[in-house]
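Before any comments, here is the structure.
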Amino acid sequence: MSSRGCSIVWLRRDLRVEDNPALAAGVRAGAVIAVFIWAPEEEGHYYPGRVSRWWLKQSLAHLDSSLRNLGTCLITKRSTDSVSSLLEVVKSTGATQLLFNHLYDPISLVRDHRIKEALTAHGVAVRSFNADLLYEPWEINDDEGYPFTTFTEFWDRCLRMPFDPESPLLPPKRIISGDVSRCPSDTLIFEDESEKASNALLARAWSPGWSNADKALTTFINGQLIEYSRNRRKADSATTSFLSPHLHFGEVSVRKVFHLLRLKQLSWANEGNKAGDESVNVFLKSIGLREYSRYMSFNHPHSHEKPLLGHLRFFPWVVDESYFKAWRQGRTGYPLVDAGMRELWATGWLHDRIRVVVSSFFVKVLQLPWRWGMKYFWDTLLDADLESDALGWQYISGTIPDGRQFDRIDNPQFEGDKFDPNGEYVRRWLPELARLPTVWIHHPWDAPESVLQAAGVELGSNYPLPIVEIDSAKVRLEEALSQMWQHEAAARAATENGMEEGLGDSESTPIAFPQDMQMEMDHEPVRNAPVVTTVRRYEDQMVPSMTSSILRYEDEETTSVEFRNTAEESRAEVPTNVNATGTLRADTLAQDNAQTVHTNNHLPQINLALRRRNSEESISESSSSSRGVVPVWSPQTSYTDQYIGEENGAGPSSSYMQNHQQSHSHQVINWRELSQTG
DNA sequence: GGCTAATTATA
DNA sequence: ATAATTAGC
């Protein structure tokens with residue numbers, strides 16, 4: 001065993017020992033060194049928020065103790081550069097192999113690619129696996145081989161794939177530990193003094209860690225799941241799975257979730273239990289949305305900062321920090337919105353329905369830039385997840401082809417009647433309205449003065465009047481939209497006249513986040529939650545895009561040869577390209593594809609396909625066709641040109657991308673060739 | 001059975 | 001908001 005050298009299993013958002021392909025491969029190969037690297041500076045804007053860090057801390061401790069029971073431990077490293085930290089671990093342990101599971105957020109795509117290059121160059125074998133998804137993003141394409149652009153089609157295909165998702169792997173019985181005597185752990189600091197008190201409260205409601213996640217899954221499947229379909233409308237009830245933070249950190253395998261759900265569904269279907277059967281479908285769909293968020297991030301890595309529908313670039317967002325602040329504090333004057341925002345701040349948790357309500361209000365009524373809201377969710381949610389958040393906000397904002405209609409404004413008052421008919425939710429989070437009769441609870445501004453007085457409500461004093469009237473929001477939205485279309489048409493005309501990138505393209509740079517995103521504690525319900533003092537501000541940097549590499553592909557012989565070698569190496573380890581039913585696996589196809597293409601012109605076929613689609617077709621969006629303009633799925637007009645410009649150094653925040661340039665241009669081939677399904 | 005009203009779902 | 005589905009007559 002030891003003659004083979006040991007494997008580093010680099011754990012990230014796969015903090016579990018069960019169904020962890022990278023870990024399993026390491027155990028199979030011999031001695032294992034499990035490593036977690038805390039390098040939040042690499043995340044740019046997206047330094048994890050307080051509650052998310054709290055979760056991570058607990059989850060790592062839990063994992064470490066499991067690993068110790070199995071015969072090893074978790075080595076933790078504090079770093080500002082994962083690549084050099086991994087190289088250090090290699091040096092101090094003599095490891096010959098690096099194993100990890102795939103991530104699909106834009107930062108990881110680039111970073112993990114660099115790591116493959118760097119470690120391979122140092123003679124370390126690198127293998128990576130799918131542990132996060134039912135199917136890899138590149139496995140799901142339409143009949144012509146193009147990625148889907150709407151969720152429904154995507155999910156339909158996932159459920160009808162010719163091969164099932166991998167079956168979950170059992171946890172290893174025992175792990176042989178590599179020699180870590182010269183590889184000490186760093187102590188990781190996840191909270192500071194001011195955060196401890198609020199964090200202590202979290203432990204009452206949540207139990208991070210993979211075996212707790214497993215219990216939560218079982219509890220849900222044997223409990224609330226059967227009623228999931230019927231209960232999903234109720235905003236204020238404990239009828240959800242509460243799995244999302246567990247899933248974010250990979251404490252539970254989505255493939256295990258899938259298999260258990262299918263089993264349950266089968267037995268309910270056999271009993272003729274319609275409600276149960278339907279509940280499984282509905283819950284599976286939310287798993288599907290999580291899958292789709294990775295799919296979208298992989299195919300459009302800038303989707304957390306740019307609308308996918310090109311014309312939305314020209315929407316004149318209201319850059320008003322006082323609106324933003326009122327929203328964060330739950331002082332908009334709309335009870336359902338305010339209750340939601342206060343619950344979010346106080347608990348780090350929000351029912352999906354309420355997330356829709358508050359974010360839709362943010363985008364459509366306040367017309368604030370959706371990325372601000374997304375960032376706030378990132379900072380405050382316990383299950384903060386960049387890919388899911390980006391999908392959610394783009395959906396709400398109507399900036400993806402199957403998003404909500406852009407010109408639709410939901411009225412929080414009516415949503416209140418629907419989701420909180422008795423006003424219990426509002427009363428719980430807005431004590432100042434607690435004595436208001438239910439008829440007025442979602443629109444106190446209409447209540448007679450005597451009623452307000454009796455309830456102790458003083459509008460404009462202890463509870464605000466609506467900061468924006470719905471009617472004026474509608475008018476403003478109309479105006480903004482017609483402005484948007486004008487700008488879009490002007491830009492289009494400019495491009496057609498050969499002015500190329502000259503298009504007064506101020507919107508190509510996302511609106512910066514406000515300087516002050518801290519939450520000020522000047523209202524009641526959250527008094528005992530201290531101010532977050534550790535929101536770090538790192539230098540403004542946009543995350544790099546993989547799409548530019550997809551569209552502007554300049555392969556270099558040396559690199560591709562290197563990749564091919566590595567791919568062959570790993571394939572030798574894992575010879576089974578044929579699954580149980582004898583169907584050719586998609587990853588085999590992908591490899592063959594890529595190799596074929598190498599001999600042609602260095603362009604993987606999928607890239608050609610993307611390029612063709614982007615330039616020849618446009619995807620029409622229902623809400624806008626009435627205006628006679630066909631919006632385009634933005635690669636063509638916006639980010640193709642735009643990102644090339646950025647890579648040339650013209651962009652405002654090209655530093656990160658310049659640093660990563662070479663790796664950047666080989667992104668796709670890397671994933672397709674080096675990926676292994678263990 | 002066929003119409004309208006009410007309900008429901010909507011990524 | 002709206003389209004689709006179901007309930008009620």
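Even glycines carry a Cβ here, placed using N, Cα and C.
For the FAD site, TrEMBL lists A:THR240, A:SER241, A:PHE242, A:LEU243, A:SER244, A:PHE283, A:ASP383, A:ALA384, A:ASP385; matching the candidates A:TYR228, A:TYR292, A:TYR295, A:TYR395 against that entry yields A:TYR228. Taking the Cβ of A:TRP317 (site 'Electron transfer via tryptophanyl radical') as centre and 10 Å as the limit, one finds 19 other Cβ atoms among all the protein chains shown. Across the domain 'Photolyase/cryptochrome alpha/beta' (A:5-134), mean pLDDT in this model comes to 97. A gap of 20 Å separates the Cα atoms of A:PHE283 (FAD binding site) and A:TRP393 (site 'Electron transfer via tryptophanyl radical'). Listed recorded positions near A:TRP317 (site 'Electron transfer via tryptophanyl radical'): A:TRP370 (candidates A:TYR228, A:SER241, A:LEU243, A:TRP370, A:TRP393; Cα-Cα distance within 10 Å). Note: the CA-CA distance between A:TRP370 (site 'Electron transfer via tryptophanyl radical') and A:ALA384 (FAD binding site) rounds to 16 Å. Separation of the C-alpha atoms of A:LEU243 (FAD binding site) and A:TRP393 (site 'Electron transfer via tryptophanyl radical'): 20 Å, rounded to the nearest whole number.
DSSP assigns A:LEU243 (FAD binding site) to coil in the three-state reduction, placing it in neither a helix nor a strand. The shortest Cα-Cα distance between A:TRP393 (site 'Electron transfer via tryptophanyl radical') and any of the binding-site residues A:TYR228, A:SER241, A:ALA384 is the one to A:ALA384.
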